[in-house]
Every structure is written in structure tokens, then in C-alpha cells.
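> Pulled from Swiss-Prot, these are the listed features:
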BINDING   D21, F22, N23, R36, H59, L60, G61, R62, R119, R161  substrate binding site
BINDING   K212, G301, E332, G361, G362, D363, S364  ATP binding site
Amino acid sequence: MAKLTVSDLELSGKKVLMRVDFNVPIKAGVIGNDNRIVAALPTIKYVLENNGRAILFSHLGRIKSEDDKKELSLAPVAARLGELLGKNVKFVPHTRGEELESAINALQDGEVLMVENTRFEDVVDGVEVKNESKNNPELGKYWAGLGDDLFINDAFGTAHRAHASNVGIASNVSQVAAGFLMEKEIKFLGDAVANPVRPFVAIIGGAKVSDKIEIVKSLLAKADKVIVGGGMAYTFDAAKGEKIGNSLFEADKVELAKELMAEAGDKLVLPVDSIAADAFSNDAKTEVVDATAGIPDGYMGLDIGPKSVKLLQDTLADAKTVVWNGPMGVFEMPNFAKGTLAIGEELVKVTENGGTTIVGGGDSTAAVQQLGVADKLSHISTGGGASLEYLEGKELPGIASISEK
């Protein structure tokens, strides 16, 4: 069944509740990266242009004490949103109460209001109660009552969580629609899982097998090839009996890696060489080491080597759908970023050849942005954990709560 979207709604004159994902990096009131704010603009603008009255909810960081609230107000985010929209965003420094209700009731058509950080509700009078993050039913009902029975969920990044500001509001209104960003995420990730154009190649990187094991299992059942890189690859190398020196690995996951390799056969593509370093430092002494020769003691693998890059390029050469989540090495150090950046470059070629390319996860997204190729790929997912769980085939509460057409 197709989900209800923002373009299916009658918005004029309505108080429209919207969950957005404005969980941006912020330090001393300065926003480090406003990508998530920019990503929500199409939906917000659509509501305003159609004479709706937009009431925005978002979380920011984690609130565990009253002190956290001083650092994590959404006031700077509201100011930045106003600059991007070119109009005043009314900010209310509360999550409930008379001031908030009056401000919402005073809104005119085409105006926008931002509610304070929804996670301020997780700490009340200094006590951690988690009203927002544990989906307190009274809170969801209260927030739902601030609007006109309409709710737009455009926060894919929190779709894997059942919070008061997404699932709680949704369960108390009659029409719940996906915003344009949510709609795009569902389309690209949903098609990749359910109906990929083949060959379908998945690339999974990152430090730990334990973080990504479910996604690797799930993708081995769906994809034609699954490339595994990053720190997690050394657990597979250890499972093959190869020397990994001082490389990161999880001893308790070696048996699991053996089972996966036995089941997957040649579907699973592992690095064949590494850039090994004598210290966890960009200035470390390095050498290229074949996996079969092994990494010597005192050295650790910090990136995939040139033969592995060539193997990845060959594996991706005829791909028609590619999903990438996680770096191939210690991407934040320039000397160990080559493998990760090479994937970004290869994905541009796949896209130019008519393929669909989907990137998720902070490091992978940072890599394509560093290369300046984000706009040359099909889709950059805004959800880290949410995109992984969706690709695993799990039902996400935030998506499940959106109305069917």
C-alpha cells in the first residue's frame, strides 16, 4: 500500500504539526552543519505556500539533566531556519503550556513556529523521566491537540524510534502523512530492498562486526555481492586464519564470521590487502600488506590497499543498484581515507551509467561531500540507524504510523 504524503493533504488555514529532524551538530550556539535543516525545506515551504500554519517539532542531542538544556536549545536552529526560508520563524522556548498554546493560536496562514527541543520533556524538575523518548501517551496526546488533526512526519532519521513527537502524535490524529524527505527515503531504500535493479551490490564498512552483522546477513540474502571493509573486515581475516597484527577485531565474533563466509561463498567480497601502520596516527609509518601474507605484529590495518580498491572497482563496474554504509578505513585521517574516497568516485561512475546509488551513515556521507559528488549520486540518506534498520527489512515505527492512502 502507498503511504499518504504531504501533497495529498488539504492544508489551507490548518494548524499543521510537523516532525522534522533538526538534530544538527551545535557548539556554543553555533551550528556546525545545517544539512538536515536544508533537507526539510521542501516540505516546510510546501506547507507555507499552501497557506498552512507550520508547527515544527524536533529533538536535539540527548537531555539527561537540567544543565543539558542550556546547551541544547533549538533557538539557534530556528534562527538558521528563518535565514534559509527568508521569513521569521516564531520560536517558543517551551514544550507545553500557555505561552506555546497562545503562540500557536495566533499563527496566521503561511507562518511557521518552532517548539523547543522535544527532549526537554525527558527531564522534568531535574528528574530524568523520558516522556519524549519513552513515548509518554499523555505527552503525545497533548502535542497532537495543538494542531488541526493533521501530522506530517518528515524525520526519517528518527523513524526507527517510537517517540512522543512522532508515533505519539501520529496515534492521536486522523491524517498522518510523509513529508517529501520521508517519501524519498521510503522510495529509494524501499526499492533497494524490495525491487532492486540487478546487479545489486551492497558495501558495508565501519569498525565493528557487532554493529553491522544483521545488515550484512540481511543483504547477503538480497544482494548479488556484499563488500565488507573497514575495521570489521579484520574479524573475517582472523576467521580465515590470517595474521592481523594489532588490527581492531572482535574475538567473540570470529565463529559468526566463519559461518557467514561459509554461507555466502563468493557473494561476500573481502579486502585482499591493507594499508598497515605502526601507530594509530596519520603520521605513522605505513606499508601495503597482502591479506595472505598477513599484517606483522606491531602494525594495524587502517585502510584497504590498492589491490582491494581495484577489486571493488571491478565488483562495481556493472552494478545497477549500490547501497553504501560505512567507511573502508580510518577516514578522518587523510592517509587512510583513500579506500573510502575511491568508493565515492566509483559510485559517481555507476550513477552516470544509469545505476541507482544510495549512501547512508555519517562517514560515507562525509566522504561524498568531501569529494564534492553528493549531487552526482541518486540518494544520500539522512538516517544512520534508521536506514540500516530499514535495509534489514525491519518495520520502523515512524513509517508504520503514517496513514495509507
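All positions are counted from 1 along the displayed chain.
Cβ atoms are placed via backbone N, Cα and C, with glycine included.
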> I'd like to know which of these binding-site residues, N23, S364, is least surrounded, judged by other CB atoms within 10 A.
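Across N23, S364, these binding-site residues, the one with fewest Cβ atoms within 10 Å is N23.
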> Whole-number answer please: how many Å between the C-alpha atoms of S364 (ATP binding site) and R119 (substrate binding site)?
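Here the two Cα atoms are 28 Å apart.
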> To the nearest whole angstrom, what is the C-alpha distance linking G301 (ATP binding site) and N23 (substrate binding site)?
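Distance between the two Cα atoms comes out at 33 Å.
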> Measure from the CA atom of G361 (ATP binding site) to the CA atom of G61 (substrate binding site) and give the result in Å, rounded to a whole number.
17
> What is the total of other Cβ atoms whose distance to the Cβ of G301 (ATP binding site) is within 10 Å?
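For G301 (ATP binding site), the count of other Cβ atoms within 10 Å is 29.
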> Between the binding-site residues E332, G362, D363, which lies closest to N23 (substrate binding site), Cα to Cα?
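It is G362, whose Cα lies nearest.
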> At its widest, how many Å does the recorded substrate site span between Cα atoms of D21, F22, N23, R36, H59, L60, G61, R62, R119, R161?
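The substrate-binding residues span at most 18 Å between Cα atoms.
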